Amino acid sequence: VLSLCCEACKKVIFHVPSQLEAETLVGRVDLKECLQSAEFIGSSDENFKVLEDGSVYTTSAVSLSAEEKTFTILLKDSQEQVQKKIHVSLVEEEKKPQKTRHARDTILKRTKRRWGPIPSVMIENSLGPFPLQIQQVQSDTAQNYTIYYSASGPGIDQDPKGLFYIERETGNIFATRAVDREQYPSFQIICFATTPDGYSPEVPLVHTIRIEDDNDNAPYFTQDVFQFSVPENSKPGVVVGRVTAEDRDEPYTLHTTLKYRIVSQTPPVTPAFSLHGDTGVIAVLLPQLDRELVPSYTLLVEVRDMAGQPFGLCTTGTAVIRIEDTNDNAPSFRQLQYETRVEENRVNVEVLRVSVVDLDEPGSPGSGAVYEIIRGNDDQSFEITTDRNTNEGILCVVKGLDYESAKQRVLVIAVNNEAPYALAPHSQQVSQSTSTVTVHVMDVDEGPVFKPCLLRIDVKECEDIGTSIGRYVAEDPETGNSEGISYRIPPGQCNWISIDERSGEVRTIKVLDRDVGEMRRGQCNITVLAVDRNGKTGTGTIQVYIHPGNKNYPRITKTDFTMCRDRKPICLTAQDGDESPYSTPFVYRITDRNMASMWKITRHNDNSVYLAPRDDVPYGVYDIPISVTDNGGKVGESQVRVNVCDCTAPSDCNGTTRYLSGGNVTLGIWAILAMILGSLLLLLILITICGCCGAGAMQRHVTDDCANHNLIISNTEAPGEEVMDHNIIPLQNTCDQGGYGVKTGDQQTFEMVKGRGHTLESVKGGGHQTLGSVKEGGGQPMMETCRYSYSEWHNFTHPRLGEKVHLCRQDEEQKHSEDYLLSYNYEGKGSLAGSVGCCSDQHEEEALDFLDQLEPKFRTLAETCIKR
């Protein structure tokens, strides 16, 4: 079974019996579909082996279970560095059900014998004699035979007419000449049998003639010369490459089974490489390959078919192996000491070239030199680079040398390679090569030199014009003094300073302000020239740096605010045009003592604070003087205007102040509604009480003692005096504070203890009126009723409640509601006595048996109520 690799060597499936004996052919895999040249072919399962032609055999008996059995074929190409896998799955064949033989199937039928000889075989390149009989075909009923034939193979387009013929009478098939299998691997001949009258009693016969291969083709290499390379000092076993050969004979036979071997090696030294006989893989054999000794090897290799047997056909080929260079040799200086000269103050000049010797391949990274100065160049006056063309080191002066400071300089130079070292096994560590260079400095007449060459002068901002800020002088290197040197500043620079021609004193020529023009950047570099008597010139640089000063006052950015009734604090923010450390943090303070007692300041951050009233302040406009002190101590005064307005949002005031009419307090809408509902409830209670009392007066005569039908409410917690006087009656409390009337003499008056002095009698319009009508007789007045009429109560309470509601609406803190909006705690479960008011039912009022079961603390009250 031949199975091709599908989808880049993913999986191959073979259908096999459940039991496989050892050395059984499982199937064949086309390996070239996955990898053209596989040097290694192996199996992941030891129960299977894979041959080079892709045939898969069992090495031992294998039994398939219910699940499929899988293993992997491994393919490796060392030359291309490729490795691939083929996953093989063995699936048990489906067993065909046996057909049940019926009774009628057992009847034997007579059939005509078919004419069908076995396929014929003809040896390739047969020597004859020709015509050569190949086969005979006969029929029982026919006497005449004819053939038509066709060939299959590379030469199918050629006409093989006359190659075979058949005897008309006998049916013998003959070949007329020798056949090349590579051209015609096989032939199919169609034979016809006819009777003399032309009738064909037989079905045409397709007869196959296979050309048996003869080892007539020698193997040949796929390339004339194989080129390989391998790094020097490679370990034994490293694969160098693979030589490949082909054979045109029949595949998978001994005629195409090839063997490779090395015939000879050039140069004829110790064999350095090995050749695998089956795969043609060349590997390193010699443990030390040295490119410096042998740069390349030439191998004469032979390939022979018939599995390498002596009688097989063979061909030779050539393989050239180049040894690649590795950096196993360190460069070394040609000289250990060098001397050179250079004038002082010369810059960017070449003073010396040094060269090295490296045994590695020229032009490769292993021979490229990298130079460095390892000693004597602390001031970085020298620099060494590599000339890529000559591999020499170029020593240059990058900073001017001073003869007066040092008359010679001694440098130590080292050299390395660009590539890291790759040493051979068991070799010694390479050492770095060094060389000493002595540079003699030559004296020349030079100009003045500023010391230092860059002078930084720090100037405070806003200094006066003409202020001396420093001194900058140069000296003659030969004499070491400043005599005869003049100074000047070339034009075209920032004109902030001037320098005295003789003394070198530096002064300001304008006020230096960081907020003006070119001074915003805060610094300027000014070049100064120094000229000696001989006209030699030296240059120096003055860097003037303007330090920020404390010249600006801190100011509050926004000074007009509106504060509504919620008294939300105001955020004050100040700004200072100075930089740190003369800006933040700011310190705020209210300078006016009166305002400081009404307003307070709370810190927010370094430049902001919160302003809020200490207590409730009246509505109005307040001008609050506030001082702000920056970190440098500079104080800025600001006037903050706060409009305390009766509003919910600052936009309600529109820049004006809104005041309350008649007070400073307002109530919310829910408080006003609560008071109105309370007033209406109170009026409803009064109307109900008066109606009940009027109905009771019609049924019975009311005595002068109304205490029998009322409970006296007392806030006194301590025991009070026993009052047996029946002339004291309780009255309802008003919005301010309740009062009570006292029966004295001939009249009962009702006066308000608190409030505006209004009494019920004054409302009735009769001056000081009596509470009720009094009967004359014996000087003992009797009360005819214990309640006022509805009209009297309405005339008294309606204007009073209206005034209270008006005041409560204007009072924001609701102080006026404290005298009539009272809250009471729950005092427990109600009494079994029910209501004891004047509106109680007559039967309930007459049933006073519950007074006998009162607790001790109510007995005194009961005795007072029942006494006449």
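Placed from the backbone N, Cα and C atoms, the Cβ positions cover glycine too.
Sequence annotations record features per position, and here TrEMBL assigns domain 'Cadherin' to 124-221 (among others).
For 222-333 (among others), the entry in TrEMBL reads domain 'Cadherin'.
Per TrEMBL, domain 'Cadherin' is recorded for 334-450 (among others). Across the domain 'Cadherin' (334-450), mean pLDDT in this model comes to 88.
TrEMBL lists 451-556 (among others) with the feature domain 'Cadherin'. Break the domain 'Cadherin' (451-556) down by DSSP state and the numbers are 5 helix, 45 strand, 56 coil.
Shown for the domain 'Cadherin' (572-652): DSSP residue counts in helix, strand and coil, namely 9 helix, 39 strand, 33 coil. Marked as domain 'Cadherin' by TrEMBL: 572-652 (among others).
Feature annotation from TrEMBL assigns transmembrane segment to 667-690.
Helix, strand and coil residue tallies for the domain 'Cadherin' (222-333), in that order: 6 helix, 50 strand, 56 coil [DSSP].
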